[in-house]
């Protein structure tokens, strides 16, 4: 059992685990996640991803949901156990050893340290006291027993590695908790539509309605930003809540990188689409028709197929990629029959006048509830604090006064910044000699 724990907490094993987790995380970033099985089979059946993974192999290896896959969670658990064992077997004993005062009693013990000096003094005991005062003035912890001195500084640096391990363990626990206990929902909402969200007990928590949706474009027509104005109503209390309170605001605008957080849930502005087109065919009233995405025509292309004759013959396709148009019209054989601008003049197609009044965009909202987020953020904070403390050099100085030989033996250790410490120690000796 001891051999197994030593192997699990081995530094090389931990580095290997970190490398594997980094590579698999890269795969999860490069490969689209949590899409339908049919999309993977259609996209990668004829041309395997990276030349290795077909659609079926992606599903079998759980690469379609890397971060919640069984093997990825097992890697995180393994790394977490390794960090716990390493902290227990190495970092915690090292911290305890640093907190204990080491009392060197013989000069030959100091001579074996990395830094060792011997100085002549007419009053070794007085020089020892002056060294203690000088170290205290510079922030050292000093302990003098009879004719021996021990001093240390930067003990917090020894706490740093343990805090880093603790932070990483908290991050992994929070990530696993978020995967196992969290919820994720993506929905497209058109203005005027609403969605009701349930809490963890299955009861209605909040009703979210989309009042308006706006797409900001540059002069060329490329999407720069999109914004949704949401209306929230707390269905538990069944009351409209003060707009001044952010968490219970009646209306709130979200955009990319500016989500809404409410009751443990986060609403992200994730995507956009075109939901419906309002057209007039001949002398008919204006009709609002739903739009479908046509990936075979290109990325972010929507359209609707309309008949031009009462018997359904000679259908045409209205296709568009922006809520501002233009709306391209194609015949049954795929030839272009013209285009029309929303809100502009009508166009005559096969004797039928077609006019487009408006295009209704839809907001792509991502609803995410992740109970592990506070733990992950706390873990990041602890790890950063530990990393900062790890930069602090832990230094120790010992001195023994030899009254018979009128000498003072001084030695020191430092876990980092050894060159600077080697230059600092002679300054203490010079200060004692001059006093």
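We number each residue from 1, going along the chain as drawn.
Cβ from N, Cα, C; glycine included.
In TrEMBL, the transmembrane segment annotation falls on 162-180 of the listed ranges 162-180, 181-199, 200-218. Of the candidate ranges 71-88, 89-106, 107-124, TrEMBL annotates residues 71-88 with the feature transmembrane segment. Each residue in the domain 'ResB-like' (362-421) gets a DSSP state, and the totals come to 22 helix, 24 strand, 14 coil. Across the domain 'ResB-like' (362-421), mean pLDDT in this model comes to 88.
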